[in-house]
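Student: Here you go, one structure.
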Amino acid sequence: MEHAFKVDLRGIIDLLSNHLYSDPSVFVRELLQNGVDAITARRARFGDFQPVIEARLFREEGQLPLLEFRDNGVGLTEAEVHEFLATIGRSSKRIDEARDTFLGQFGIGLLSCFMVSGEIELLTRSATGSSAVRWLAQADGTYTLEALADTTLDVGTTVRLRAREDTDFYFEYGELRRALENYGRILPYPIHVTDGEEYAHVNAVMPPWLAYAAGDASKRDEVLAYAREELGVEALDAVALRSEEGGLLGVALVLPHATQRSSRQWHSVYLKRMLLGHDLSNLLPDWAFFVRCLLNVDHLHPTASRESFYEDGALKAAREALNNGLRGYIGELAERDPQRLEALISLHHLPLKALATEEDDFFRLLAPEFALETSTGRMKLGEYARRSPTLRMVTNLDQFRQIAQVASAYGHSVVNAVYTYDVPLLRAYARLFGRELEEVDAQTYALSLEDVATGGLGGVLERANVALSGLGCEVGVKRFAPAELPALLIVTNERRLLSDIEASKEVSDGLFSEFLDDYASEYEDVRASRLHLNLNHPLVQDLLHVEQEAVFSRLVQMLYVQAHLLGHHPLRAEELALLAEGLTDMMRWGLRATHLGTLN
Ligand SMILES: Nc1ncnc2c1ncn2[C@@H]1O[C@H](COP(=O)(O)OP(=O)(O)OP(=O)(O)O)[C@@H](O)[C@H]1O
């Protein structure tokens, strides 16, 4: 035996309200959409007429507010009401040629009215001339349908909804007007709203960006003013975007402040002039996070929630077109107004770096303008490459701090490539412009310091090592530039990690401290850090002649602490204690020297 499915309407309403639609105010969108589609259908079948959509609110004493939403579109015959309105999932708009003409297609939109109202009343007269009908549907899935004797009812449809206690909010004039403006601001048919006292024509003035996008360049200032006044964006530029694919028209407003990839922009995306949503992540290229877009597409397909687009060939083509539009803007700026491009790069370097790493042509165009931090100051990549035939980079901030002083003594400038995109940018530069790229670290420079024969040092090394025993540091004596630098501390990354663990242990107790001990034991064989004393420095030369062990030891320890400070190495408790003791001794000796004219 064959049986028919039964539908539990309450279940479906629950599905729509809790899982498909993000907000009950979408009922306004669905009503608008049906009104617009009905007018489009009437025009197509019965010729031109003066279209109108009207929302009227009634508040009567002791009653919950009532909304009447009227359009003078094609209307429905009794048979069509049974077929399309009362059959869930059935739509008059799902024929192939209608897909591109109408906003609706799924045959579920009207049900969203049950999110705000217990019943839906619909009065309609078809443009075919048949008699008017009244349909009254309940959320439990039952409905009544009666033919109306009233012959004065105009062609079109009126939907009547009474608020529930908990949905009163959506039936307030201000809220309804905001929702109509939000969804219908650029719809092509006039939309009116009134509550008897207040009245508005919500789409009386078309925003200027559509005309600008369509090619009317004279609207640029109006678009910038619109962005400022309506969106609160002091845009630096307005880029017109259009493409046949997807029937896309839009404008990208260049933001006046730097942005991160993670900062999501509040775009406005319209489908056939009806607001679809604010997210453009599946249309805009990844790197375009420096613009805020206003966009209308005519030929893309919405998902059932109408909050994003369905992934298909048309969406892919539209994505491509947007990508090309924004790239075209940057390329054209380079030719038309290089200074403006320079300003754009310095403000929006992150998105433009992302673009440059994607494509060689853009790399050549943009890369020389990107700012870098180098051991000889901030400069643009182009300038850095002019000054430094071999490109040198460090990828670790600690390393950069350690070698910044020494590298310049060798006439080297080293890039601090710890920021996003720096490494791929330098690699791409080396590849495209045939340069050598060296990754350097503190050890590389320490190895190239000039060795000193230990024979002539008279046991200084041994004594210095005793002075620093227990600190995990070995002492060496070398000659290097700059001569003003008395000592250089080289700390390996593992050693740095170990110091960090020790520092954490100082402030933790119990279990965590034990865990840190375990963790640290894995690094037991780590090489000690190295303190290179610079024999070019007069203080180090004097050190060779200090005989009193206490003084010698303090001097070495203070050189060790000073090297920490100069190299921006964090001080552990041991180093802080040495610093305190050393300073006390120095002061004591200073005072004694003042009084006695001698040190000791
Ligand atoms: N104002 C109206 N005028 C004329 N016909 C209407 C009106 N509102 C609804 N209909 C008819 O009822 C059908 C179902 O409407 P509903 O809003 O549920 O779905 P839809 O608009 O077809 O698709 P979607 O779910 O994508 O919105 C429509 O296809 C249309 O035939």
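The backbone N, Cα and C atoms fix where each Cβ goes, glycine too.
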Student: Starting from the ATP binding annotation in TrEMBL that includes Glu30, Asn34, Thr157, which of Asp8, Asp71, Asp140 is the extra site residue?
Tutor: Asp71
Student: Under 8 Å Cβ-Cβ from Asp71 (ATP binding site), six or more apart in the same chain: what's there?
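Tutor: Same-chain residues close to Asp71 (ATP binding site) (Cβ under 8 Å, separated by 6 or more) are Asn34, Gly35, Val36, Ala38, Ile39, Pro51, Val52, Ile53, Glu54, Gly156, Thr157.
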Student: Cβ within 8 Å of the ATP site's Cβ centroid: which residues qualify beyond Glu30, Asn34, Asp71, Thr157?
Tutor: Leu31, Leu32, Gln33, Gly35, Val36, Asp37, Ala38, Phe69, Gly73, Leu110, Val159
